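Read the structure below first, then the notes.
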Amino acid sequence: MTTNTSTITIHTDGACKGNPGPGSWAVIIEDEHQRLFLADRVPETTNQRMELTAAIKALETLKQHAGRPIRLVTDSQLLVKGMTEWLEGWKVRGWRGSTGKPVLNQALWQQLDVLSQGHTISWEWVRGHNGHQGNEEADVLANRALVEGPVCKRVFLDAGAA
């Protein structure tokens, strides 16, 4: 990505055939100059783990861009609520939910917590399969990776295009 301070938009999605079963994650990272498409599959996982993994992979990719605002768009209410409503309480309670049970996928949440430090992130939920272009593209990419395996593609945008 570039070295300016414009917002980076991330679209994430996770897919799983069976739950648990083979799964995949997908990330589309974009700014005004380029779009980066990343996806991969995992032999045995859950849909929730893939949603969290997608966000982790996106933030790992953006480690060197601390300071740039990030807009992360996902169809996972779990991811958005976890990062915006529940995370601080989990940490205070020793990674236990409000009922006292251990938080599921704790290691992934902890990774997300660490990776989100140093970034200003807007976590946004959109309804899945509802015509939101970035979400639809991430969904197609995740399903492609589930069948075909890893995807890594960078597209440079025409600076004169609107």
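Placed from the backbone N, Cα and C atoms, the Cβ positions cover glycine too.
Together with D13, D75, TrEMBL lists one candidate of E32, E44, E51 for binding Mg(2+) 1, that being E51. For the binding-site residues shown (E51, D139), fewest C-beta neighbours within 10 angstroms: D139.
Cβ atoms within 8 Å of the centroid of the Cβ atoms of D13, E51, D75 (the Mg(2+) 1 site) belong to the same-chain residues T12, G14, M50, A54, T74, S76, L79, G128, N135, A138, D139, A142, site residues excluded. Residue density at D75 (Mg(2+) 1 binding site): 22 other Cβ atoms are found within 10 A of its Cβ, drawing on all protein chains shown. A gap of 10 Å separates the Cα atoms of D75 (Mg(2+) 1 binding site) and D139 (Mg(2+) 2 binding site).
Here the domain 'RNase H type-1' (4-147) returns a mean pLDDT of 95 for the predicted model.
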